[in-house]
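Pasting a structure here, questions to come.
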Amino acid sequence: MGNKQTIFTDEQLDNYQDCSFFNRNDILKLHARYYELAPNIVPMDYRKNPIVTVPMSVIIQMPEFKENPFKERIVASFSEDGEGNLTFNDFVDMFSVLCESAPRELKASYAFKIYDFNNDNFICKKDLELTLARLTKSELEEEEVILVCDKVIEEADLDGDGKLSYADFEDMIAKSPDFLRVLYRSWPI
Amino acid sequence: MASFLLRQRSTQSDLEPPESLGEVLWEEEVERICSTKVALQALPYAMMDKRLIRHLREPDGVKTSFWEQWKKKWQRVHQQFLDVSHRLMGIFGLWKTDLYEIGGLFGTGIQSYFTFLRFLMVLNLLTFLLTSSLVLLPLAWLHSPEPGPALNTSYHCPTSREPQPDLSRIHLHLWDVFTGRALSNTYLFYGSYRMGPESDSQYSVRLAYLLSPLTCLLLCFCGTVRRMVKGLLHKRLLSRDYRPRLSSKVFVSWDFCIRSREAATIKQHSISNEFKIELQEEQRTLQMQQQTRKQRARQLLSYVGLNMIIGLLVVGGISAIYWATKFSQNYKDESLSLLLQYMSPGVISLVNNLGPLLFGFLVQLENYPPNTEINLTLFWCVVLKLSSLGMFLFSLRQQAVLCSGRSDHSSCEPHGYNQCDQCWENSVGQELYKLSIFDFFLMLAFAFLITLPRRLLVDHLSGQFWVWLGREEFLVPKNVLDIVAGQTITWMGLFYCPLLPLLTSIFIFFTFYVKKYTLLRNCRPSPRLFQASSATFFFQLVLLLGLLVASVPLLYVISSIPSSVNCGLFSNYSAPWQVVPEAMALRLSPSAQKVFYYFGSNTFWYPILILLSLTLTVCLSQSGANKRAIKGLRRQLLWQVREKWHLVEDLSRLLQESGGSDSWGPESPSSRSSRPRSFCPGFPCPGSPRSRSFMDPGK
């Protein structure tokens, strides 16, 4: 209130405030970070709603994502075109879900999307194998991987169709108190 | 853009009848989303779709009622207020960047230890504030007599022995500070508090002094139990079958706060290890189920035998502490040597450092699964640590209590206790003070004289031995036990040494930086990483045990042991608790007194006990009924889903037979590109045959 900035109109800032967990200052800081990623693509003036995307290869270089084995999946889940190129709206969305104030259900929805590699709204065995491969960087033997996948399906599949639907996933996550540590960052912006 | 299509579609639907069943389902979905009470920010849709929903929920042109507008305004103000207060708290959030750095480099398990340190420091500071505001400030306000030992009128006492002349003066002063003797006439110790007799109009400092340790302990107890219960509910609520051990490990184990390459590698390694261990445990459980009865009996016997051996070792260690304390108390007053003065803290530390090594070695001799090994070792370490502190206090009190209030002083002379210059509370307070200081300096010594040289030697020397030795591991459980032991000592000393919490918080402040330096420079993280949630539960549990170990002696002393005649606030009472009835008699009317006496009597507590037992029975039977209900619901879910897929197959077969062009099978992923992707977070999209009752999340 009262600080003169020429990046967004007041209405745009209000919209962002309503649709994310950030306030005005945070949105401006986010825009600064977005601009830093690609200063020659991202305009400083967003008042006319320019359509600008930053490619995935730049976003996954950010220090928050660099060491994360799921970085491509995270960025792809939030992008509108599915390829990982984020507009500023997607960027704000992503950090809003990752921040501390986001509720568990919201994080669970996006976690499901992240782990669903083939985008069929089910986590099937192939998705599990890919997840394990990224988590353990092939330190497990093949038969161990298969055993683990079988065990996961056995434990978590409630409706017996051989793959995890969102309801199964959410039920399993609800029993893990550690879940809030996933998709969670306590960084200053 | 896709969302604009959606907007047009939603406005068009008022004019034209929906084209297909898919459209109807789509409209229903949109309606459902718009009518939920979920906050806009918490919806899992893209920004443009959220704006659409916002627009649909509150169209611009419609006039909202005065109540709605006021509510919205109030919510905004409330949100801003919360933001501002969070930012202010952030300024007071000590060490936030340090914690962030540690979490990024080593993961949240080790970070939780440092968060625990901060929590304990704040706890101690609050305790000190409570004590000082209830006791010290009123004392100063009421212009009480200066702190110091009372004039003894009835005993002929020799003057205190002169210190040995060959020690230099500075040595002497420093020495006296470390043993607490220089400070024994200050407000640090119990003996120097003075107050006139109780009156009904003045603020009763005695009552405040008595009640402030009890209040602090009670508040700590409530806070710790509250934090513990939050973690407990998730862990133990469901039986073994329903606990998703491996599946939650797959989805929940990656730590999204990690930012460095080494930490990521370590985390990956530890995750692989965890999977391997889980698979091994599975195999082992299967094997055990196939064992004969004889083998099982033999295993049980060996387990019990191992525990008995370790228990005997613990008892041996504790008796060593008892004898060491007794021995050192005999020669208390001679400024002999470092060894005797600090003998009991030394023995305690020796026992507590050797013990875990022995336990670990013994436990590894048997071939137990890794989880059992770790839990067993941890359990015995906790038992050893807390019981050694308990025994230390008990042996101190033995000496003190045996010798106070006795007319025949002959047997106590050699112990140094006589009526003249002894205040047994002061000596207990001094012992605890020495223990506190010793612990702190021991921690410093370990950090700078053992870990640092080890790192230097390992880094600069080459050779099989040094490679095998490696840098020291940063073991979270061991460090937590140390810090909880320190906190237990502080709690034990609340009555005898009221300013001890201040000292402890200063020590914890420096401990944080020393530990951080040790972790970042001289240590390597252990390959078995601590999960953050089980860590918090473990910390709270051990803290609670320490609290119990500290409160039981305190309650016993307050209620039954007569205090010294010469010093302190309670010199004329048979037990410190007697102040309370006296204060009540002075200040309260007889009817109010009767009410209080009723609350303390049996006729009040028996009905309460019966009521509590009834409530517990009801809760237990309710949880049993819930478990049965969960089983039944899972079976129902299975049947319903199977039925659903049967119907889908039947339907697609029928449609194919009737030659319908529109396939009603579940939509393939490629055809979904025409819809905004973000409206289907995990549910099959509208358009695939489903009835609402199956997939309605009912939120």
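Here the Cβ of each residue, glycine as well, is placed from N, Cα and C on the backbone.
Here's the feature list from TrEMBL:
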type     : residues  : note
TRANSMEM : B:119-141 : transmembrane segment
TRANSMEM : B:207-229 : transmembrane segment
TRANSMEM : B:300-324 : transmembrane segment
TRANSMEM : B:377-396 : transmembrane segment
DOMAIN   : B:423-533 : domain 'TMC'
TRANSMEM : B:432-452 : transmembrane segment
TRANSMEM : B:489-514 : transmembrane segment
TRANSMEM : B:535-558 : transmembrane segment
TRANSMEM : B:604-625 : transmembrane segment
REGION   : B:657-699 : region 'Disordered'
COMPBIAS : B:658-678 : compositional bias 'Low complexity'
In terms of Cβ proximity under 8 Å, which residues at least six beyond the ends of the transmembrane segment (B:432-452) contact it?
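Residues 178-180, 183, 188-189, 341-342, 344-346, 348-349, 392-393, 472, 482, 485-486, 489-490, 492-493, 496-497, 500, 503-504, 507, 510-511, 514-515, 517-518, 522-523 contact the transmembrane segment (B:432-452) from elsewhere in the chain.
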Looking at the stretches B:119-141, B:207-229, B:300-324, B:377-396, B:535-558, which one shares the most CB pairs under 8 Å with the transmembrane segment (B:489-514)?
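So the stretch in question is B:119-141.
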Flag the pair the transmembrane segment (B:207-229) / the transmembrane segment (B:300-324) as in contact if three or more Cβ pairs fall under 8 Å (sequence separation 6 or more).
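Between the transmembrane segment (B:300-324) and the transmembrane segment (B:207-229), which are separate recorded stretches, there is no contact, as judged by 3 or more close Cβ pairs.
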Give the nonlocal contacts of the transmembrane segment (B:300-324) in its own chain as ranges (CB under 8 Å, at least six residues past its ends).
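Apart from its flanks, the transmembrane segment (B:300-324) reaches 343-344, 346-348, 351, 354-355, 358-359, 362-363, 366, 376, 380, 383-384, 387-388, 391-392, 394-395.
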What does DSSP give as the helix, strand and coil breakdown of the domain 'TMC' (B:423-533)?
85 helix, 6 strand, 20 coil
Same-chain Cβ contacts of the transmembrane segment (B:119-141) under 8 Å, 6 or more residues past its ends?
187, 193, 195, 203, 205, 208-209, 211-213, 215-216, 220, 223, 483, 487, 490, 494, 498-499, 501-502, 504-505, 508-509, 512
Against which stretches of its own chain does the transmembrane segment (B:535-558) lie, if we need a Cβ under 8 Å and a gap of at least six residues from its ends?
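Residues packing against the transmembrane segment (B:535-558) from afar: 109, 112-113, 116, 210, 213-214, 217, 220-221, 224-225, 227-228, 231-232, 235, 378, 382, 386-387, 389-390, 393-394, 397, 476-477, 480-481, 484-485, 487-488, 491-492, 494-495, 575-577.
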